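Here the structure comes first, spelled out in structure tokens, and everything after it is commentary.
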């Protein structure tokens, strides 16, 4: 009887240890070296990385744009990247910084920085694709000049919400209302990507302002990224568990804090210029279901 109890105890310890091991290896804190954590998507001649791997630039000219993507894919976590946007007359350029799955019915979490004419404010567009459908654009004017210095752009993604942040200020919240039939990215792992490309058919004043190639090449800079997320190993349950490792799944991060809510309302009141949930004309008075649901 005593021997049976010992065997059962060792068996239980083995199961718990295995689970804790899988949880521990599921989460990654990035190395900070672009050469180790990312690969070049296209046009390596337009991607420049410092000798220590800590900074990287993307270049757009008449020959090509460029992009890079993470070596790993993730299911939930937080990503941060310090970015300095294309300076001067950047009309028609698009810098995209986003998470994306590799399935036909893709999920995406997008930051898109839309180039501007000199002295005009930069527009930051965010979008979310869930199960292959997007059309969830929101736009804000940034309250600073993002070409003068680096600023931190972050995404917190867990089972409860997706929070877009600029210098830790929440600018957008997309809650998981899956129980009410609203699609939410929760099953497909995503990579982290950044691309700089010609979007002058639509990006600046609806495509009225084209790229002035005499002002190029156009350069965007990246540094001090942090990826604290669950590395996809093929089993989603390790990424959905709440633990000190998968801290983003803890109850503390299931909704905005009171200070975050105040900042969020400030952004919405003073800096928002477009919200798809307010666009009756576009949706022919049939707004997406989430327009009437709480954001926190």
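Using N, Cα and C of the backbone, Cβ positions are placed for all residues, glycine too.
Per TrEMBL, these features apply:
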TRANSMEM  7-29  transmembrane segment
DOMAIN    18-222  domain 'GH16'
ACT_SITE  108  active site, nucleophile
ACT_SITE  112  active site, proton donor
CARBOHYD  116  N-linked glycosylation site
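Structure with TrEMBL features highlighted.
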| residue | record | Cβ neighbours (10 Å) |
| --- | --- | --- |
| 108 | active site, nucleophile | 20 |
| 112 | active site, proton donor | 19 |
| 116 | N-linked glycosylation site | 24 |
Rounded inter-Cα distance in Å - residue 108 (active site, nucleophile), residue 116 (N-linked glycosylation site): 24
Reported mean pLDDT - the domain 'GH16' (18-222): 93
